[in-house]
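Structure, as structure tokens:
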């Protein structure tokens with residue numbers, strides 16, 4: 001059910017945008033658009049099928065941890 | 001053309017799409033008016049809710065069915081018990097109109113902090129309901145009493161609590177914000193008003209209670225329940241309750257009498273203002289309580305010539321002395337008998353002398369009973385009523 | 001006519017809404033948690049430093065009046081380094097937009113629509129914002145102008161109606177825990193709106209009146225900061241530091257406290273309206289900058305080609321980045337301000353210095 005909704009909405013987005021992008025002959029746009037759409041589609045499918053996706057904020061946390069600890073100790 | 005079509009479709013869809021996911025119709029709601037929490041025998045929570053019966057309240061031709069219904073359930077946690085109620089109530093319980101919240105006495109003695117979390121955390125509850133403690137009774141028994149003047153028992157309690165705080169003063173309206181503030185602030189302990197059943201509780205549960213002229217069982221607000229942290233540790237008496245409210249500046253109006261020649265004179269006191277200042281004398285805290293206000297003579301039952309202004313001053317002096325004694329005994333009583341800083345002396349110290357407070361905070365339990373208190377009362381008699389001389 | 005053109009009035013309003021958005025509910029809680037009843041001092045301190053930062057941003061913008069951030073960072077720092085920074089910039093605002101959607105969802109889901117699925121709230125919000133972005137910055141600016149009187153009326157009303165509930169003793173003792181908590185709270189507060197403000201480096205070139213840009217930017221931040229600081233102040237005055245840091249949304253709780261003669265009460269939804277409107281504009285601006293930046297970065301012909309896929313991505317990222325409220329709280333309290341430092345301080349300073357040094361060699 002949820003997979004159906006995701007695929008339908010993704011193809012709807014494709015259906016809205018792709019003819020327009022082909023008409024204006026924007027090749028780069030088309031590539032970026034398709035990549036992003038594909039990325040979104042896969043991300044959605046993975047997430048709603050219970051695959052654990054690592055939290056990007058954890059990565060940011062990891063990167064800023066030394067800075068944050070230093071600053072808050074300083075202040 | 002295309003735009004027109006689009007607008008037509010949108011206009012057609014709009015009425016169908018309105019409304020929202022979370023809609024609940026009024027007739028699906030069970031409006032909770034009062035709630036009581038007790039400890040069941042096995043240590044679980046026993047929750048009693050009082051629901052309104054809207055059809056009885058609004059109906060033009062009242063039948064003799066009751067206007068409010070109570071349901072009970074037990075559970076290991078508050079929310080579990082509340083959800084268990086759904087096995088007996090046919091509607092979704094709706095808490096936004098909660099008026100009265102009663103703790104059973106044993107429940108209060110064992111600590112109320114744990115049971116409060118749900119009521120502050122849940123989004124549906126507002127913070128304007130009043131909290132009370134059942135005296136010599138369980139909260140459930142209180143909610144079972146029917147009241148004659150108000151169709152809804154909880155509204156009766158709510159009304160008399162408000163009226164009595166404004167005009168008589170031994171009671172106190174406490175909302176969950178106030179209570180949490182007292183529990184969380186170091187150097188400040190909570191109080192709640194007590195409520196008890198006077199008369200025959202068994203008759204009070206039946207419609208007989210609202211059919212007679214002289215009511216078999218009356219719900220009566222009593223004196224203040226004193227807590228330490230979140231546990232009930234004792235009760236103030238009536239005079240102490242009034243004194244407490246005066247010290248904490250929560251009195252709008254009250255009545256006080258003084259003895260005079262062969263009778264008594266009663267004052268109505270208004271505009272009471274209390275200011276508490278703190279000092280540190282010889283490394284000991286000292287509280288300076290200053291009460292000011294205005295009094296009117298409303299009931300003169302003694303033989304005293306009020307045309308002589310000296311007599312008025314004499315009465316004024318007696319009134320001030322009486323109030324002073326009352327406040328001093330209130331503080332003394334609390335310090336010696338209960339040792340719970342309900343006046344918030346510690347909090348006042350923290351605000352005025354933060355460094356000193358940090359020293360005494362760990363041993364405030366020993367310091368509070370030894371805190372010296374100085375009371376000055378300055379109430380002036382203004383009006384003497386519509387007649388000057390008494391006809392006694 | 002360029003659909004992205006906005007007037008300088010609209011620019012002031014957008015800056016102000018961006019500053020208020022989301023932080024009016026977040027900041028009081030975060031700040032009083034650290035600085036207790038002296039939180040308002042931290043607020044003022046953060047506000048002051050924030051204004052200095054805005055002065056820095058507008059100086060950078062004035063160096064290259066006709067260009068957006070993406071364009072001049074390439075020109076100033078060279079293609080490789082410039083593009084790397086641009087990518088960082090776009091990703092930062094991409095995450096900020098996801099955070100905004102997450103905030104809207106958690107607030108509405110908690111307080112108003114508890115049983116509506118989170119996706120429905122998030123996607124309907126995103127769809128409206130994306131429509132605005134699709135029609136260009138001009139539409140966002142003009143609609144902000146329409147809603148601005150509403151927001152300011154509600155804000156003033158809230159402040160005035162709360163005056164009877166004020167308890168001055170909540171403020172004492174001032175500076176109880178020393179000055180360190182104040183610096184700490186001020187730094188966190190700095191990250192909440194002020195370090196995010198370089199977002200307007202992408203928008204400034206579209207403002208019609210370039211001469212007054214510095215004044216407008218400063219004025220918008222000043223007003224927005226004023227609203228935030230007074231909200232913090234009121235939270236402490238009305239609720240006290242204890243209850244403020246207990247509540248997740250203290251300013252919503254403030255709305256619940258309004259009660260005048262048992263007659264004007266239960267109007268906390270007014271606060272919710274302020275919040276939803278301001279966060280909507282914040283989200284729109286973030287989305288505009290994300291999509292506009294991305295299309296500039298990749299030399300796309302049209303900005304709209306990235307918009308719709310963004311909905312798909314953001315609606316999931318939102319769910320992934322805030323698995324629960326306490327994770328999010330901890331993140332904004334300890335990591336958001338440091339994580340914003342490169343965007344909010346490093347890059348503008350770098351651009352300013354290198355720009356000054358290379359001024360002659362770059363033909364603008």
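Here the Cβ of each residue, glycine as well, is placed from N, Cα and C on the backbone.
Segment annotation: TrEMBL labels transmembrane segment over residues C:37-57 (candidates C:37-57, C:58-78).
Residue ranges C:255-271, C:306-322 are listed, and TrEMBL annotates C:306-322 among them as transmembrane segment. Ranked by number of Cβ pairs under 8 Å to the transmembrane segment (C:216-241), the listed stretches C:12-31, C:120-140, C:186-204, C:306-322 are led by C:12-31.
Contact between the transmembrane segment (C:186-204) and the transmembrane segment (C:37-57) is supported by 3 or more Cβ pairs under 8 Å, counting only residues 6 or more apart in sequence. Take the transmembrane segment (C:147-166) and the stretches C:87-108, C:120-140, C:272-294, C:306-322, C:334-354: counting Cβ pairs under 8 Å, C:272-294 has the most.
Distant neighbours of the transmembrane segment (C:306-322): 94-95, 97-99, 101-102, 105-106, 118-119, 122-123, 126-127, 130, 133-134, 287, 290-291, 294-295, 300, 328; these residues of the same chain sit at least 6 beyond its ends, with a Cβ under 8 Å from one of its Cβ atoms.
Long-range contacts of the transmembrane segment (C:12-31) within its own chain (CB-CB distance under 8 A, at least 6 residues past either end) are made by residues 6, 39, 42-43, 99-100, 103, 107, 140-141, 144-145, 148, 151, 185, 188-189, 192-194, 196-197, 199-200, 203, 216-217, 219-221, 223-225, 227-228, 231-232, 235-236, 244-245, 247-252, 274-275, 277-283, 285, 329, 332-333.
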